[in-house]
Amino acid sequence: MEKPRQVVRKFLARPQHEGVGAVVRRSVGRFELRYFDPFLVLDEFSVSAPAGFPDHPHRGFETVTYMLEGAVTHEDFEGHRGTIKAGDVQWMTAGRGIVHSEMPAGPGTSKGLQLWVNLSSANKMVEPGYQEIQSKDIACTSADGVTVRVIAGNAMGARSPVRTRTPTMYLDFTVRPRAAVRQPVPPSWNAFVYVLEGEGVFGAERCAPAGAHHLLLLGQGDGLEAWNKSDRPLRFLLIGGEPIGEPVAQLGPFVMNTEEEIDMTVDDFERYANGFEKARHWKSQAMVALGVE
């Protein structure tokens, strides 16, 4: 690397309520950082039954759900149903429209992360789809006290099989005490770090360490340098993406390019049209079990 990226902003993701009884720590998509092209939202969630994220729609972007603990059952109006467990990833393309539910599976607390990745205008109305990868199939490698799980992109010679419509890297690093990371990032991309466990020094060795639940926006450069100077393991995400550079119009779970397109999306959803046809007669099994009409 010729020009390591420096930390230009740092803030703590504080808990807030979302869905029905769920708690999330939102870092991207909050008032300080509405949009970090191409990323719309990053939530670290914690949820226990009967709380969760019952039937709700999406259009115009992708959701990436990465489980840390427990499990979540997903089902949608296309008949797709499955459970993702600790270490598993689901990369969902909402495209022209999906209605689904995400509810904790089994007892205890389920924890994970959900990232929303914007789609370009050319891809906003594609057919919905899924890429689901079990933990055992995620590319993983270790060297010199550093282990990386490659959710998207490539690192340390390991490459993810995930296809990203918006070019994206999503790396989960675990760094032993006194070890360091040097990871290239394409110079034209936006990138950030999210700390999951422990504390690390990012960008320059003289910087103060950052602990769990902190988001660090990275400036321009061709990679990231990070150090674990503590006596405990450090775990963090490095997420980067190619900016789309288009206008963003958002109304909750609908993300388009113009307000007119948002109005059309709301109309489509309310009329069960243009991708939402199956929503008219569909209700998730979770909602049926709860007796919700």
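Easy rule for this one: first residue shown is 1, then count along the chain.
Using N, Cα and C of the backbone, Cβ positions are placed for all residues, glycine too.
Bear in mind that TrEMBL entries carry predicted annotations, made automatically and left uncurated.
TrEMBL has this to say about the protein:
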- His56, His58, His100, Glu102: Fe cation binding site (BINDING)
- 24-117: domain 'Pirin N-terminal' (DOMAIN)
- 170-273: domain 'Pirin C-terminal' (DOMAIN)
Checklist entry - So around the Fe cation site, His56, His58, His100, Glu102 aside, which residues have their CB within 8 A of the centroid of those CB atoms? => result Phe53, Asp55, Pro57, Thr63, His74, Asp76, Ile98, Val99, Ser101, Pro253
Item to check | Local Cβ density at Glu102 (Fe cation binding site) - other Cβ atoms counted within 10 Å | outcome: 28
Checklist outcome for this item: Fewest C-beta neighbours within 10 angstroms among the binding-site residues His56, His58, His100 belongs to His56
Next on the checklist: Based on DSSP, tally up the residues of the domain 'Pirin C-terminal' (170-273) by helix, strand and coil.
Outcome noted: 13 helix, 49 strand, 42 coil
Checklist entry - Taking DSSP states H, G and I as helix and E and B as strand, how many residues of the domain 'Pirin N-terminal' (24-117) are helix, strand and coil? => result 0 helix, 67 strand, 27 coil
